[in-house]
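Engineer: Look at TrEMBL and you will find 42-160 tagged as domain 'MTTase N-terminal'. TrEMBL lists Cys51, Cys87, Cys121 with the feature [4Fe-4S] cluster 1 binding site. Annotated domain 'Radical SAM core' per TrEMBL: 183-413, in sequence order. TrEMBL lists Cys197, Cys201, Cys204 with the feature [4Fe-4S] cluster 2 binding site. Residues or ranges marked as domain 'TRAM' in TrEMBL: 415-478.
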Amino acid sequence: MRKVEFIDIPNLEKARLRKHNADTIFFSFNPSKEALIYFKNKKYFIRTYGCQSNIRDEETMSGILDKLGMIKTYNENEADVAILNTCAVRENAEDKVFGQIGDFKKIKEQNKKLILLICGCMIEQKHIIDKILSTFPYVDIMFGTHNIKDLVLLLSNYIDNNIRYVDVSSYEGDIIEDLPVKRLETYKAFVNITYGCNNFCSYCIVPYTRGKERSRSEEEILKECEELVKKGYKEITLLGQNVDAYGKDLKNGSTFARLLDKVASLNVPRVRFLTSYPSDFKDEVIDVIAKHSNIMKFIHLPVQSGSNSILKTMNRRYTREEYLELVNKIKNKIPSMEFSTDIIVGFPNESYEEFLDTVSLAREVHYTSAFTFIYSPRVGTPAAKMKDNVTYEEKVKRFKELVKELEIDFNFYAQRMVGNTYEVLVEEVSKKNKNLLSGYTENNKVVHFKGDKSLIGNIVKVKILENHLYSLIGEIVNE
Ligand code: 5AD
Ligand code: SF4
């Protein structure tokens, strides 16, 4: 057995505390001479699973490793350092990661010097660490979401001592500023405004893996946004588990509405934000969205369920009626507004009638897109302790029924776009067809169309020709 040094180990009890105020710490980069020499021009590979917060973490880790003189590769077979940045939100996300760790066995055999690291939300759970330690002896380092700032130190320790390291701090978390960043995209950027979550929805592991809800200062957020605008970024997405809670902890008058107003006042063509929490969504935010044409008229507003009894056991702090009232209030003020959502099907003991409440809510809102999930029990959350009288087969049946219902609206609204012209931010050469470009409309629909690569990064006018339900085909129009 290889020796393991536990610098810190995860602890669910500590992870759920909400006592301390977050400190702001400024990142300092001081690698040892040996590390600078060892890692110079070596290659690193990162594979990220899960949400935008994880993608943003990959950008931070890439920034740190670039600073160390390393070079990013997208081919795991040629990597000297490989990082799997994991997601714990559902079991199938975890299963994918275990499969990928398994695939690394061969790569490790061929390249004994490869350093394999696992980080992200999965690693915040003690039972996962135990499983990886015993099942995958070739995993070298595991570190948590709060420990990214120590990446270089962990790598240095590893090359000095050649033992396995586990460094996962379960605590409420701080704000780390001045972290290096290498962005994955050249025209679209994510900017964290809050970290962590205080909501403790009864099914969700995130408040345990990412710590307390804490807001960055307006000054730091605006500094980051201004730099992005200077570099020519066309779209900024303000990121937080609950953006509507922004500023609560700062106690200096900062609110999400004020922040959004300031960001939209910068010279950036597109502003988005993710994720909104229904009962924290303030009227002032609606006014700010209405005031700025560069705030996209598309809101992701997770409902999770349309049944009041299920919402209550989920510990969501709103009723079906309040959710619908909010949607209608927004639609009345901004008639062009479109909504997407997250829905969980098959929460423990959900009756068929309760499920139908979700279907009827979806029919009322008319979502133009949605993410639907089958409930997945997460160790340590209150819902995972509940007995469940719904079979998995029944959950799958309900899931399919809901998707069918949702697709009626998706299709109706996509079809309505055909023949009309929309602004599209051109992002890349289409992954499926090299002769086409791809980009997103204001209402977040992906469109494929013919055009010259030089258009990437520009906003162009595209007439929609065909509706393929989850994507559209169009042609550029010159006006
Ligand atoms: N099971 C299924 N879906 C979940 N989500 C969060 N936790 C779970 C779980 N245990 C979904 C919620 C959330 C989205 C990011 O993931 O819908 O909004
Ligand atoms: Fe999880 Fe609820 Fe927080 Fe979203 S708001 S991250 S679902 S606890």
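Glycine is treated like the rest: Cβ placed from N, Cα and C.
Caution: TrEMBL annotation is automatic and unverified by curators.
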Engineer: Looking only at DSSP and grouping its letters into three states, which state does Cys204 ([4Fe-4S] cluster 2 binding site) belong to?
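Structural biologist: SS state of Cys204 ([4Fe-4S] cluster 2 binding site) = coil.
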Engineer: By a 10 A CB contact count over all chains shown, which of the binding-site residues listed here is most packed: Cys87, Cys121?
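Structural biologist: Answer returned by the neighbour count: Cys121.
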Engineer: Which has the fewest other CB atoms in a 10 Å radius around its CB: Cys51, Cys197, Cys201, Cys204, the listed binding-site residues?
Structural biologist: Cys51
Engineer: Looking only at the domain 'MTTase N-terminal' (42-160), what are its DSSP counts of helix, strand and coil residues?
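Structural biologist: Counts, helix then strand then coil: 66 helix, 23 strand, 30 coil.
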Engineer: Per-residue pLDDT averaged over the domain 'MTTase N-terminal' (42-160) comes to what?
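Structural biologist: Overall, the domain 'MTTase N-terminal' (42-160) comes to a mean pLDDT of 96.
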Engineer: Using DSSP, what's the helix, strand and coil tally for the domain 'TRAM' (415-478)?
Structural biologist: 6 helix, 33 strand, 25 coil
Engineer: Do me a favour and check the Cα-Cα span between Cys87 ([4Fe-4S] cluster 1 binding site) and Cys204 ([4Fe-4S] cluster 2 binding site); whole Å is fine.
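Structural biologist: Answer for this pair: 12 Å between alpha carbons.
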Engineer: Given Cys197 ([4Fe-4S] cluster 2 binding site) and Cys121 ([4Fe-4S] cluster 1 binding site), what distance in Å do their CA atoms have, once rounded to a whole number?
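Structural biologist: Cys197 ([4Fe-4S] cluster 2 binding site) to Cys121 ([4Fe-4S] cluster 1 binding site), Cα-Cα distance: 13 Å.
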Engineer: Taking 8 Å from the centroid of the Cβ atoms of Cys51, Cys87, Cys121 as the cut-off, which other residues in that chain fall inside it around the [4Fe-4S] cluster 1 site?
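Structural biologist: The surrounding set, listed in chain order, is Tyr49, Gly50, Ser53, Asn54, Thr86, Ala88, Val89, Ala93, Gly120, Val206, Thr209.
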Engineer: Could you tell me which of the binding-site residues Cys87, Cys121, Cys197, Cys201 have their C-beta within a distance under 6 angstroms of some atom of ligand 1?
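Structural biologist: So the answer is none.
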Engineer: Around the recorded [4Fe-4S] cluster 2 site, report the further residues of that chain (criterion: Cβ within 8 Å of the mean position of the Cβ atoms of Cys197, Cys201, Cys204; site residues excluded), sequence-ordered.
Structural biologist: Asn199, Phe200, Tyr203, Ile205, Val206, Pro207, Gln241
Engineer: Enumerate in sequence order the binding-site residues Cys51, Cys87, Cys121 whose Cβ-atom distance to ligand 2 is under 6 angstroms.
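Structural biologist: None, by Cβ distance under 6 Å.
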Engineer: What kind of secondary structure is Cys197 ([4Fe-4S] cluster 2 binding site) part of, going by DSSP in three states?
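Structural biologist: Cys197 ([4Fe-4S] cluster 2 binding site) sits in coil per DSSP, no helix or strand.
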